[in-house]
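The structure is given below, and queries will be raised subsequently.
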Amino acid sequence: MCQEDEYDYLFKTVLIGDSGVGKSNLLMRFTRNEFNIESKSTIGVEFATRNIVLDNKKIKAQIWDTAGQERYRAITSAYYRGAVGALIVYDITKQSSFDNVGRWLKELREHADSNIVIMLVGNKTDLLHLRAVSTEEAQAFAAENNLSFIETSAMDASNVEEAFQTVLTEIFRIVSNRSLEAGDDGVHPTAGQTLNIAPTMNDLNKKKSSSQCC
């Protein structure tokens, strides 16, 4: 096996939200440090990967991006299967994209594992002069629904690294706690397998009390 294909954990993380909110550019910025101002709407599903190291463990982050249009909803179940993290993205300049966050969250919780780590992401902060959704409104929604929250710009890279790292670190923390409680040295899934996490409610309560993003 090639060295770049070796890893201790594979974390599947999904990007969801309305079409045009910048999901594909967030994916490109995090995995390749690129931005395409003429990016077109995703057709179907695509994903990219990036390897990171947390606590001396090699993590392969597999980030999935899907079309936000209704006609692609048939792929929903397969898209969410095995996901341990999710970023719900809206456009801070487009109120309707934020208004639809509740629907995306409902769909996520219907199809994904109940213990998935979720972050609400307000994208396009490079367009602050066009802001339609206040930070306070989004923070309130996130707090009410037990989500972490951050605002980003895929164009100038603001907070993109922090957003993904926060989600991946929280997944890793939960996995590490599960391993410690089981009394073993850590879980090492075979390459190519997605690791499912199942934190207790105590884990989730600790998360809310100990971490607030932005």
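Residue positions begin at 1 at the first shown residue.
Keep in mind that glycine also has a Cβ here, set from the backbone N, Cα and C atoms.
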According to Swiss-Prot, which residue out of Thr42, Thr66 bears the annotation phosphothreonine?
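So the answer, going by Swiss-Prot, is Thr42.
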For which of the residue intervals 39-47, 93-101, 129-137, 201-209 does Swiss-Prot record motif 'Effector region'?
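Motif 'Effector region', as annotated by Swiss-Prot, spans 39-47.
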Including all protein chains shown, what's the count of other C-beta atoms within 10 A of the C-beta of Gly20 (GTP binding site)?
16
Can you tell me how many other Cβ atoms are located within 10 Å of the Cβ belonging to Thr66 (GTP binding site)?
24
According to DSSP, which kind of secondary structure is Thr66 (GTP binding site) found in, if we only use helix, strand and coil?
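Strand, per DSSP.
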